[in-house]
Amino acid sequence: MAGGEKRRGLSKSCALLIVIAGMERYAFKGVASNLVTYLTDVVKMSNSRAATTVNTWSGFTFMLPLFSAPFADTYWDRFFTILASSSLYFVGLLGLTFTAFAGSRSTTKTISLYFLYTSLSLVALGLGVLNPSLQAFGADQLDHDLDHDNNHEQSSENTEVKSDHKSQFFQWWYFGVCAGSLLGVAVMAYIQDTFGWVLGFAIPTGSMLLLIFLFLCGCGVYVYADPGSDPKSKPFQRILDTIKGAVTRRSKITLENNHDLNAMELELQGKPLCNCSNTEATTTTTTKSLADDESSKTGSSGLQTVKLLLRLLPIWTMLLMFAVIFQQPATFFTKQGMAMKRNIGPNFKIPPATLQSTITLSIILLMPLYDKVLIPMAKKISKNEKGITVMTRMGIGMFVSIIAIVIAALVERKRLKISKEMKNSPYTTEPLSIFWLLPQYILLGISDIFTVVGMQEFFYSEVPVRMRTMGFALYTSVFGVGSFVSAALISVIESYTKSRGGKHNWFADDMSEARLDNYYWLLALTSAISFLMYIVICKYFKSRSDDDDGDKCDETC
């Protein structure tokens, strides 16, 4: 950089948005991590219905970015989108707090399910729009910083500084999200179990109000990108133009004689459709010469984009069972913990939902080990500059998640055995300690480091540059559809096991009669089948990074 100066640290706008992202995770985890307990203990839902409700709500929350991202990228102003969606988020949390307050004041202790579902829907809608917009807005700030650095000097040293700056931003963003999640799970679960649900929901509501205030305080430091200034910033408009071009092309492109045909043939021979060179003048000439044939170009680009997304569908499908397993900590793992010994000393009981914090804690503690030890060792062994490929990384995480659910099944079987002994004999030992659940939580944290982070990189790198917000939406949609699959699976299993008699119901409200171990074994089996199919698909999958020329063309076209 000029004068030998280097940019240090993150800009004020980036730092503020990282804090805001952490606060959003705090509010969300403060509600989502213990929601199943609220539904069973306060709303008086059955275990299966509460789990289905949480899974369905999570499904909508994770799926909404897939639908909101196109509009946020193409039509909406990101600043006002964040402001509007966070306000909607706040209203939903306020409604949820009111349901807890109304239930505590009511003589019958009943809560309006209609109002409850409406509040949860508002939270899902606000979060589904806020998340992709907030990340994109943060990327706008980062791009401005990198462009500012790039304007000073073009050199290999400057390129390295830019790379480090980008890596620093994403590492701090990930740390902010993890820190917010950890506090939301550990602190709010204790407050909800100890001081009640009114305060337990009021604090996340207050944090969202503070988030809105902090976001407005940053108006003077933000960089506001104009999505309309660059036609590539409207990728979904181009897809719409693909359909329009397919309809209108025949009527607009008519050649009246052979002279026109020969002229067009010579023009296309002299001006290629895709310029993969780095010469600016050639690019400008090509762009101008093809201005009258924009619909044809857009149609070709849109068709290629659709083909590329369909190419990712098999990998996306095989990841669904991993997402189903990841729904268990917030539902049945928590219910397991409620039926186990939770005392530490005479006066303190561990809230079962707080064990979910071990997943995030495992990620924070083990991520440096992954980056500083495992990857360098893998680089030396495999002679690969990345250490392990993204596909291998996701596969390792899927395998670890299968081990986690197998351990969960074994622990649940041991818990059931002790529970039955306690019923049959008054001289039996105490219930199984809740700390037996720690291995399955820690293993899920390890699998998160491999699979979840790998999924982000995979979908980000396998879509065209102009569609990278869709890459993020594809990643989140895995967990959205996985939540719906989990809810459907619970409904089918409950219907089947109930038809065989009440004592055979796998999700019985009496945890000594429930057979969650059978459910975990079923998840382990289906996940193992999905993992084997994933290995086969990976063998024949060709990454976009394998074709350097294709990547260059994609960057310029």
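In case you wondered, yes, glycine gets a Cβ from its N, Cα and C as well.
Looking at 54-72, 453-471, the range annotated in TrEMBL as transmembrane segment turns out to be 54-72. For the transmembrane segment (172-191), the partner stretch with the most Cβ pairs below 8 Å, chosen from 348-370, 390-411, 432-452, 472-497, is 348-370. Distant neighbours of the transmembrane segment (113-130): 24, 28, 31, 43, 57, 60-65, 67-68, 72, 81-82, 84-96, 98-99, 102; these residues of the same chain sit at least 6 beyond its ends, with a Cβ under 8 Å from one of its Cβ atoms.
Within the same chain, the transmembrane segment (432-452) stays apart from the transmembrane segment (518-537): fewer than three Cβ pairs sit under 8 Å, each pair at least 6 residues apart. Remote same-chain residues near the transmembrane segment (390-411) are listed as 319, 322, 325-326, 328, 333, 336, 432, 436-437, 439-440, 443-444, 446-455, 457-458, 461, 517, 520-521, 523-524, 527-528, 530-531, 534-535, 538, 541, 543 (criterion: CB distance under 8 Å, separation of at least six residues from the stretch ends).
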